[in-house]
Amino acid sequence: MSAGPFQIATQEYTMKNTDIKRLLYTHLLCIFSIILSIFIPSFFLDNFSVLETHLTWLCICSVFVTAVNLVLYLVVKPNTSTKRSSSHKVTRFLKCCIYFLMSCFLFHVIFVLYGAPLIELVLETFLFAVILSTFTTVPCLCLLGPNVKAWLRVFSRNGVTSIWENSLQITTISSFVGTWLGAFPIPLDWERPWQVWPISCTLGATFGYVAGLVISPLWIYWNRKQLTYKTN
Amino acid sequence: MRLGSGTFAAGCVVIEVLGVALFLRGFFPAPVRSFSGPEHHAETPAPEPSAGATSNWTNRPPPLFSKVVIMLIDGLRDDFVFGSKGVKFMPYTTYLVEKGASHSFVAEAKPPTVTMPRIKALMTGSLPGFIDVVRNLNSPALLEDNVITQAWASGRRIIFYGDETWVKLFPRHFVEYDGTTSFFVSDYTEVDDNVTRHLDAVLKRGDWDVLVLHYLGLDHIGHVSGPHSPLIGRKLGEMDSILMRIHTSLLSQERETSPPSLLVLCGDHGMAERGGHGASSVEEVNTALLLISSAFERKPGDVRRPQHVQQTDVAATLAIGLGLPIPKHSVGCLLLPVVAERAMREQLRLLHLNAVQLCRLLQENVPSYEREPGFEQFQKSERLHANWVRLYLEDSHADVLLSLGSKVRRQYSDALRTLSLALSAQGAHYDVYSMLVGAVVVLEVLALLLLSVPQALGATAELDVPLSSPVSCLLFYLTLLLLGAVHVIVCTSAESSCYFCSLAWPAVATVLALASALLCAVASALTRTLVGGELLRRNPAHSGPRWPELDLLLLLGTLGHAASLGSSSFVEEEHQTWYFLVNTLCLALGHDICRRCFPGDDGDRAEWLAGAAPTRPDKSPRHDVLDLDQRRKGRSSLDALRGPEKWMVLASPWLVLSCCRLLRSLNHTGVQWAHRPDLGHWLASSHHKAELSVLAALCLLAIFMLAHRRCSPVSRVAMALGLLGVYCYRAATGHLLLPWQRESKGISKGIVEARFVYVFVLGLLFMGTKDLLKSRVIAADHTHQPTGLRDLHGGLVLLAALLVRPHNLPVLLCSLLVQAVMTRFVWRPLRHSAAEVTAMHYWFGQAFFYFQGNSNNIATVDISAGFVGLNTYMEVPAMFLTAFSTYAGPVLWASHLVNFLSSDTRSGSALRHACFCYALLCSLPVSAYILLVTSLRYHLFIWSVFSPKLLYEGMHLLLTAAVCLSFVASDRSHAKS
């Protein structure tokens, strides 16, 4: 009996290690999907390049990342605790779609408030909102479902309950920070093609997302001893 | 001695202002000067070079033109004459440019593109220093060698009509003159009629040699309504007809016996796309220059693009045209097409005279002039010239002479260009020693402020200032001695002039003593911090505080902004930085509020609830920014909010964000996006007067409702009448319409209306000051809410409403709205610390500075604000009013900060914390910018981008000093203790 707690601790420890490994693999797959979205379309489309046909790339990248996220969610099933019933699956999916669209519109409004042109370049701004939603809202929807309370919990201080949520927090924040930093080169007078609205910001978001994907497993591995999650 | 941190900070900023002033004096270079005395007229002109045989031509070449008319049109941009506007509105001039006997050029003006330095450049041929902008409004007589003085000395009769600046520059030179003041920017007909009405008589008389006409109307139109206004076309048409009158009259009076006459049409500077001038955009720099004379060959009609020349070339050309010596400080070169019809020998002689003059200037300004490429080219061409003269005197073949002569001419013009360039580059010559002393003072002050942060932001907001220790400290005397020695060494060995060395010794001694005292203070603060830090480290219970996100954002934003000033693009587009930061701040506040309103998990909620219990009934003024736990507890009041109020709290950041977005599209400033159509231009255009009137009326109404809630009835009435007066003033000046006034009445200057408003402004300010003094004298009841500060704020708002242009009234309204919303729904419920509130006020103040349409460019300063309600130009009020209208945003936010903190009775030290933070926030970018500018002083954009920003920073620091002093003055906690 005295060995009990120790055993549980080691079990948890190994569980955590396998979890971190799974996390790493899923993240590598996500990064791979972004890389694929850069190279695959050039086989099918003429004159495809990330900068010149930026909007096409945005759509493709968004679709790829969403698809990979969905597949991973179905395969890995990280949140076993959430109870699901098959009858609600359709409404759940529809709800997710509505949430995604709402987040797109919210981001669009925020970009306009930040100074994006109101009337011109609407499509560009909206696609930028879509890609940012893909990097932030889609993983949230996959992991937490259309559940605002859970979102608020994850994004408040000390609210995460698993390494999945922890990595979600890190990737989302790094995507936002990447987008924010991506706006910096716009006023510079270098006259480069990537300084055009919204290319630098979308690239910033992508780099931020990739950086978050890389950093979060490493950070969790590094701090695995200190991280203890409440089990609800 | 113990000092409140507010007083300490105010003292620091005042010292910093001194340092910045010294730095600025050293930074703006003294222009290129010739050191030889003014006894130029007696000198014989340089003889013609010759090899072997002596030349028989030693006297000065005769004048090329008998009469010269200079028609200077203020703000005549090159495309007004050579572009589509010229073709459309100036048919006669276009005919002359294309087919007539004329030479057309695009003359490039050097920044600062302001009238007085440009007139100086045109007449002296030198490059006036940047500092001349400051003296622009009060121009003393021109003592430098110039064309007008030369002509006057040689007995020419000069007549002048136009801008008064000329009369001030040349007080004794004109036999007849009529100056018009240029300061009523909204008047664009009378200033020109005042010039034209003399024209007929003068042209008929013909008893003069030089006639100067300076037309101001075009520039005034530009200032008021921009270069695309329909008024521009009408004005250009008027100018065209005047040019035709002068030209036909000159042609009819020309005799065969005397040399022909010359008509010069030129602009002093261009006009930016927004209508102002002062900076170095292409539109401001390129001016039209047209020389018309029957001496020139008629053009066959091929339209060539006008050649680009320097504005300084005009002086040399005019001097040669009038047969005068070239002004000594002129860095310009002769415009070769003007003399192209003369004999080859004369052409070469004139070029030689110009080259000799430039070389002399080079010798006096560059120690190693022999290695200059221009000097070598000159020597080579002089040798060739000498050979040519020998051949000429030996009567060689004409073809040989011609081909060789044109080769020499080409050589000369290359040499002239190189010399002129080398001399122009000499303008960028810094007085490094003065700069260094100024920078050291500024940096020491910054270090002192930074080191005293923990003490000054502590609970009591007081700090020890060891005033007596520097006097007895060995370090102080050693440093003073060292600095004195350095001063003597530098000043005795300096080759170029140095401002700090030329100061009287008591001033120098004061500055040096100040610098060494500051060094001692910094050293003592440093040791104290180190000792304190060690104590802190030994105490394990005291763990380092965790920074909340908002503080981190405020800190990083301020630091990032200071760092971004190193890039010219970020200086040009600084408004984008501030808008970005303010938006991020609002979003961060929104996030913060959201998290507080919906605490995530139960643990959090329990913590909040525990905090929500009646906390801290204690009256102790303990309020430490670093003490987070306490504040966290205090912040829990959000849960106590009722339903609608809670939603307002949640919505307020979004409301502020939408306000900011609206204002952002009101005025586009900066460089890259300035040309985009914006709401401000749309409103200011003459077609939308009705819309502007409705908007202004609504804004004034809303300003009244926002500015004077909870005020005494007397000040309410004063405010209402004042705002009514503002509308009447704008209606009188023709910006707005009155509903009962169908037909457009004549435009007046609105003196009466403006003075009517001033009465109420002064009344409000007086009442506020009286209340404040009363509350300080009595100081008995602590609960008494200071209405004095509110009246002062109201007075400032009223003054700003009078001075800003009518399309900027929404900026004023939004600033009041944002202040009200943030106070009620964000700062009060969330209980931000004084330091945070100050930083936010500072950020918003900066953002509103740019929302008003300002930029880091001198052209956007609205000088017309300086003449509201003034009949004649008065320097001090005009400067004060212009400065206030430019900095209305930051001033109003600072005044709101005082209001907010003193009405918020949570802590006595809040105002002192705020003052300290405000001083620190302002001196950080100034110090960083001074360092950056010093290291970037050879940057390509130093004159066009960085130095105007330096002037703005200096002005901002001066303003900060005033703000800090008023903080100290309104701090009632002194009186209490």
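The backbone N, Cα and C atoms fix where each Cβ goes, and this holds for glycine too.
Remote same-chain residues near the transmembrane segment (B:6-28) are listed as 129-131, 430-442, 445-446, 448-449, 452, 456, 461, 463, 465, 498-500, 511, 514, 518, 911-912, 914-916, 918-920, 922-923, 926, 930, 933, 937, 947, 950-951, 953-954, 957-958, 960-961, 964-965, 967-968, 971 (criterion: CB distance under 8 Å, separation of at least six residues from the stretch ends). Look at TrEMBL and you will find B:6-28 (among others) tagged as transmembrane segment.
Per TrEMBL, the feature region 'Disordered' maps to B:38-58.
According to TrEMBL, the feature transmembrane segment maps to B:432-454 (among others).
TrEMBL lists B:474-491 (among others) with the feature transmembrane segment. Cβ atoms under 8 Å from those of the transmembrane segment (B:474-491) belong to residues 433, 498, 500-501, 508-509, 512-513, 515-517, 519-520, 523 of the same chain, restricted to positions at least 6 beyond its ends.
Taken from TrEMBL, the feature transmembrane segment covers B:503-526 (among others).
For the domain 'GPI ethanolamine phosphate transferase 2 C-terminal' (B:647-953), the model's pLDDT averages out at 86. Among the features that TrEMBL reports, domain 'GPI ethanolamine phosphate transferase 2 C-terminal' is placed at B:647-953.
Outside the transmembrane segment (B:690-707) by six or more residues, the chain places 683-684, 719-720, 723-724, 726-727, 730-731, 735-738, 793-794, 797-798, 801, 806-807, 809-810, 812-813, 816-817, 820 with a CB less than 8 A from a CB of the stretch. TrEMBL lists B:690-707 (among others) with the feature transmembrane segment.
For B:719-738 (among others), the entry in TrEMBL reads transmembrane segment.
Beyond the transmembrane segment (B:750-768), the same-chain residues lying 6 or more positions past its ends with a Cβ under 8 Å from any Cβ of the stretch are 714-715, 718-719, 721-722, 725-726, 728-730, 732-733, 787-796, 798-799, 802, 868-871. Among the features that TrEMBL reports, transmembrane segment is placed at B:750-768 (among others).
Marked as transmembrane segment by TrEMBL: B:873-894 (among others). If one looks beyond the transmembrane segment (B:873-894) by at least 6 residues along the same chain, the residues whose Cβ comes under 8 Å of a Cβ in the stretch are 137-138, 181, 183, 793, 796-797, 799-800, 803-804, 811-812, 815, 819, 841-842, 844-852, 854, 861-863, 865-867, 918, 955-956, 959, 963.
Positions annotated as transmembrane segment by TrEMBL: B:915-938 (among others).
The transmembrane segment annotation in TrEMBL covers B:950-969 (among others).
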